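Colleague: Following this message is one structure expressed as structure tokens.
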Amino acid sequence: MAEISSAPATPRPPVVAPRPPISAPPSQFHSPSLSRSPLLTTPNNEPAAGTKTPRTSRTPRFITPLGSPLRKAIHLTKLDPQDAWLPITESRNGNAYYAAFHTLSSGIGVQALVLPVAFTILGWTWGIICLTLAFIWQLYTLSLLVRLHESTETGMRYSRYLQLFSFTFGEKLGNLLALFPIMYLSGGTCVALIIIGGSTSKLFFEIVCGATCTASKLTSAEWYLVFTCAAVLLSQLPNLNSIAGVSLIGAITAIAYCTLIWAISVAEGRLDGVSYNPVRAKTDIAEVFGVLNSLGIIAFAFRGHNLILEIQATMPSDEKHPSHVPMWRGVKIAYSLIAMCLFPLAIGGYWAYGHMIPANGGMLTALYQFHGRDTSQFLLGMTSLFVIINAVSSFQLYGMPMFDDMESKYTTRMNKPCPWWLRSGFRAMFGFGVFFVAVAIPFLGSLAGLIGGIALPVTLAYPCFMWLKIKKPKQYSQMWWLNWGLGLLGMALSGILIAAGLYVVIDTGVEVSFFKPQ
């Protein structure tokens with residue numbers, strides 16, 4: 001910049017050479033010391049007395065309305081410096097394929113195997129209608145989360161579900177309303193995966209070993225431990241992008257075992273004495289709560305919304321290439337495949353087993369119970385193996401928010417990244433912690449309806465309220481009515497489903513067996 005000197009007695013219009021644009025790395029654009037830069041202030045020479053110093057703008061030319069596109073691009077790079085140290089945001093080179101792998105692996109799992117149980121109460125018509133409406137509803141709220149991930153107004157990327165919720169409604173409400181469901185969906189799902197993976201490992205060993213096998217058999221708790229050791233070993237991969245290959249394998253195996261289970265069940269034909277009449281309870285109250293519990297089972301079949309922002313956080317983003325474009329492309333691919341698995345599984349399973357479908361375990365238990373002897377042992381073994389691989393893969397995805405939370409406490413306190421040995425210790429501690437819970441509460445699968453009610457706001461209600469708060473659609477517009485209606489309906493359903501789940505557990509009873517895994 002040219003220095004500003006005192007004007008002569010008879011001033012002439014000065015010829016000022018155009019100033020070159022100021023260039024700086026993006027990190028300096030938001031530096032709080034920018035206004036105190038020597039390039040933007042006059043030298044220390046004092047002006048002569050009685051003279052007027054021309055007013056010089058302290059704003060560089062590139063921060064002008066004409067520079068707003070550049071400013072928006074700069075805003076989108078404004079990140080928390082600690083993000084580079086945490087496993088979810090450590091790597092930001094993801095793409096639509098990675099998003100599809102993660103979304104598919106997290107969005108489909110063994111919870112879908114109990115869908116025919118809901119049909120035994122709802123019947124054919126209402127079962128299909130409720131499943132279709134729930135699928136459309138959760139896909140809509142997922143699209144809201146994808147669009148809310150980054151804000152061109154604040155220049156922030158909200159890389160975690162709890163972070164977005166706390167920004168929208170405040171930290172107190174975030175801890176009160178969202179912390180427990182989100183942590184439960186991560187930690188509780190990992191507990192369920194250990195139970196399912198360990199139990200299926202035991203079945204796989206029995207199928208491979210055969211009836212005449214003389215090898216010593218492990219107990220259920222020991223199989224839980226074997227599965228946990230494999231999951232903890234795989235969890236040492238550093239960040240979310242590094243497990244894209246694991247998620248791909250998990251997605252393939254999920255599609256494979258879902259297809260095998262419903263295809264074998266349909267190929268074997270309907271069981272003798274199958275009835276499709278909805279199961280009626282003894283009292284009207286019990287029947288109402290049974291219907292609501294079935295809705296909770298359907299809600300429980302759709303999971304993964306608590307991971308969508310984390311998955312999108314692994315992608316690069318700027319104004320020309322915002323992350324929501326490849327993310328939504330990956331989501332559409334993933335949910336097309338999810339629909340191709342869930343609907344045949346629910347409809348084909350209910351057609352094959354009707355009201356005889358086991359309430360605990362659903363399709364997988366029915367396959368072994370009714371077709372264990374007349375079905376190829378190779379197919380049964382492959383199905384079991386696919387379930388185990390998918391459970392190990394899903395464990396990595398659902399455990400990642402917990403790993404991220406534990407490491408963030410260290411990085412916030414110490415202001416440096418976790419050393420490798422501490423990161424490994426955190427993940428081992430979490431893995432064996434949920435193993436202890438799985439051994440202590442092996443009947444967790446019997447609470448599917450109750451769990452669905454607890455998790456329902458995260459999937460169906462909170463995204464609508466966050467959209468209203470952040471985007472502020474025009475009052476009484478179509479989007480305003482739609483999001484208010486879905487949000488309030490989701491919260492009401494959550495409360496009713498929790499009550500219904502508790503009633504069904506108390507009324508029908510749950511075989512409680514603490515520290516006695518079957």
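Cβ coordinates come from backbone N, Cα and C, glycine included.
Below are the features listed in TrEMBL for this protein:
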- 1-63: region 'Disordered' (REGION)
- 10-24: compositional bias 'Pro residues' (COMPBIAS)
- 25-43: compositional bias 'Low complexity' (COMPBIAS)
- 93-506: domain 'Amino acid transporter transmembrane' (DOMAIN)
- 113-140: transmembrane segment (TRANSMEM)
- 176-196: transmembrane segment (TRANSMEM)
- 243-265: transmembrane segment (TRANSMEM)
- 333-353: transmembrane segment (TRANSMEM)
- 378-399: transmembrane segment (TRANSMEM)
- 420-441: transmembrane segment (TRANSMEM)
- 447-468: transmembrane segment (TRANSMEM)
- 480-506: transmembrane segment (TRANSMEM)
Colleague: Is the count of Cβ pairs under 8 Å between the transmembrane segment (243-265) and the transmembrane segment (420-441), pairs 6 or more apart in sequence, 3 or more?
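Modeller: With fewer than 3 qualifying Cβ pairs, these stretches do not touch.
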Colleague: Take the C-beta pairs under 8 A between the transmembrane segment (420-441) and each of 113-140, 176-196, 333-353, 378-399, 480-506. Which stretch has the highest count?
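Modeller: When the Cβ pairs under 8 Å are tallied, 176-196 comes out ahead.
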Colleague: Going along the chain, which residues at least six beyond the ends of the transmembrane segment (176-196) come within the CB cut-off of under 8 Å?
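Modeller: For the transmembrane segment (176-196), the list is 109-111, 161-162, 165-166, 169, 224, 227-228, 231, 303, 306, 387, 391-392, 394-395, 398-399, 401-402, 405, 430, 434-435, 437-438, 441-442, 444-445, 451, 454-455, 457-458, 462, 517.
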